[in-house]
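Per TrEMBL, the features are:
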BINDING   Cys245, Cys312, Cys313  Zn(2+) binding site
DOMAIN    13-327  domain 'Hcy-binding'
Amino acid sequence: MGKERGATIGTEMLEDLIDKAGGCAVVDGGFATQLERHGACINDPLWSALCLIKDPDLIKKVHLEYLEAGADVLVSSSYQATIPGFLSRGLSMGEAEELLMKSVKLAVEARDEFWDIKKDMQGHIYNRALVAASIGSYGAYLADGSEYSGCYGPNVGLEKLKDFHRHRLQLLVEAGPDLLAFETIPNKLEAQACVELLEEEKVEIPSWICFSTVDGENCPSGESFKECLDIINKSNRVNVVGINCAPPQFMESLICKFKELTEKLIIVYPNSGEVWDGRAKRWLPSKSFGDDKFELIATRWRDLGAKLIGGCCRTTPSTIQAMSKVLKERS
């Protein structure tokens with residue numbers, strides 16, 4: 001039950017990358033974290049997308065750092081980039097649209113430049129990376145922490161969510177990514193909106209839908225992952241499902257749970273284990289995984305069935321390098 005799967009859209013390129021990576025592709029890590037390490041001030045409703053306006057060269061630099069660390073998949077800086085968000089800053093519609101597309105183009109440029117340098121070098125361990133256009137949840141746009149509660153209120157229905165995501169999706173697809181990444185989806189309703197939108201827009205590139213979780217058992221809304229995956233399993237336009245920006249200690253059991261609930265590829269890219277207070281907009285002192293712990297656990301996640309593994313908030317290029325090293329070791 002729950003394992004319906006038609007012929008999925010455009011999986012060949014993604015499956016080829018996973019194969020070249022040794023059975024598990026490496027996704028990049030925390031983007032805003034690395035921007036801040038370089039001195040960017042992004043305590044703002046636009047978050048990392050602020051750098052699309054203020055410092056696009058830094059965005060490209062961070063992409064290159066993750067490629068050097070061994071990332072097989074780059075995620076664009078568009079997680080919190082939205083048309084309403086940019087318009088609220090006084091930008092025109094044309095400027096907002098251009099910035100959204102620029103988020104993909106910066107990642108593609110970084111990938112192409114990096115690969116042009118590495119592809120002919122003897123003995124390198126790199127793959128030509130794929131670029132995933134990030135589509136953050138409605139809660140990410142609200143910047144009120146609701147991507148970790150799933151509580152959007154009674155006025156946010158299916159059509160409103162589809163309308164919110166539609167134009168951004170169209171622009172990001174037009175910008176030419178290899179993949180689409182719906183991230184930190186907190187409830188069944190938004191998962192359904194993503195699935196229906198992909199169908200209505202006839203999107204032909206592979207996509208993933210990642211959920212957040214606060215208890216390691218269910219969506220933040222309290223709905224079961226089975227309810228959510230029953231919707232996703234009916235779509236041949238969603239190729240990959242998984243979890244992002246949740247504590248790493250939840251990943252093992254969730255990979256096992258997802259393996260039972262779906263035949264789609266599984267992706268996990270947890271945060272460091274530190275806890276984000278969405279209302280106060282600060283990281284709370286908490287137990288976190290260091291790079292050495294990620295290195296130890298990455299192969300376990302792979303062996304349990306994860307086909308793409310990376311990091312989210314508070315992970316860095318050194319985290320990705322540690323995981324890439326063990327995941328790409330040849331026996």
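Note: Cβ is positioned from N, Cα and C throughout, glycine not excepted.
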Would you pick out, from the binding-site residues Cys245, Cys312, Cys313, the residue whose Cβ has the largest number of other Cβ atoms within 10 Å?
Cys312
Return the average pLDDT for the domain 'Hcy-binding' (13-327) as a whole number.
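Computed over the domain 'Hcy-binding' (13-327), the mean pLDDT is 95 on the 0 to 100 scale.
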